[in-house]
Amino acid sequence: MAQFVDFIVGMFGTRAIEIIAVLCGLVNVGLIIRRSIWNYPFGILMVILYAWIFYDVRLYSDALLQIFFLFIQVIGIFTWLNARDDDGLVKPTDLPLRAAAVWVVAAIIASFALGHVMATRTDADFPYWDATTTVLSVIAQYLMARRYLQSWLVWITVDVLAIGLYWQKDLTPTAALYLIFLGMAVTGYLNWRQSMQPSKAAYA
């Protein structure tokens with residue numbers, strides 16, 4: 001994969017890698033909205049490419065995040081394989097309120113801690129901003145792998161923060177991608193919530 005990235009950069013420049021990652025991201029999220037397990041191959045390629053991109057522009061928290069994403073993508077494949085309905089689509093579920101409260105507190109603490117480390121130990125740009133998007137992305141990806149509907153709400157928050165961050169770093173295609181992701185996250189939330197209505201009615 002490293003040789004492939006080097007080849008593309010040598011032929012077309014760094015922006016080409018970013019555009020490929022953007023396209024993979026769009027396909028990935030589109031398939032997630034449709035609750036299709038085929039989102040994962042595109043997601044894996046996207047995170048590998050973005051690990052290189054973020055390291056190159058000194059967004060180290062985001063670069064580390066991609067490594068975590070790669071691990072979670074693999075876990076997600078097996079989780080989704082074992083949680084599909086008769087149509088082969090994954091079945092979403094609700095995150096308990098108490099668990100949601102724990103995640104909120106954990107996000108605040110972890111964002112501050114990671115931001116402090118990045119601000120004092122590295123030359124990272126926008127350390128606390130970057131750290132917050134990183135922590136929330138970790139939580140969102142984990143909740144997504146566990147099929148929780150509320151993962152989309154976390155992604156909406158991440159997208160809003162990421163648009164400004166990547167615009168500041170002149171990652172214009174990526175900022176545009178996250179603007180599209182924002183709309184897709186809203187669509188994903190509504191789609192998943194609607195898919196849960198029949199099952200909820202059945203137990204009413």
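For all residues, glycine too, the Cβ spot is worked out from N, Cα and C.
According to TrEMBL, the transmembrane segment annotation covers 12-33 (among others). Using a Cβ-Cβ cut-off under 8 Å and counting only residues 6 or more beyond its ends in the same chain, the transmembrane segment (12-33) has close neighbours at 5, 39-40, 42-43, 45-46, 49-50, 52-53, 56, 144, 171, 173-174, 176-177, 180-181, 184-185, 187-188, 191-192.
The transmembrane segment annotation in TrEMBL covers 40-57 (among others). Through the fold, the transmembrane segment (40-57) approaches residues 1, 5, 14, 17-18, 20-21, 24-25, 27-28, 31, 63, 65-67, 69-70, 73-74, 76-77, 80, 169, 171, 174 of its own chain, all at least 6 residues removed from its boundaries and within a Cβ separation under 8 Å.
Positions annotated as transmembrane segment by TrEMBL: 63-83 (among others).
Among the features that TrEMBL reports, transmembrane segment is placed at 95-114 (among others). Sequence-distant contacts of the transmembrane segment (95-114) (same chain, at least 6 residues past either end, Cβ-Cβ under 8 Å): 61, 128, 131-132, 134-136, 139, 143, 148-151.
Sequence annotations record features per position, and here TrEMBL assigns transmembrane segment to 126-145 (among others).
Annotation source TrEMBL lists transmembrane segment at 152-169 (among others).
The transmembrane segment annotation in TrEMBL covers 175-192 (among others).
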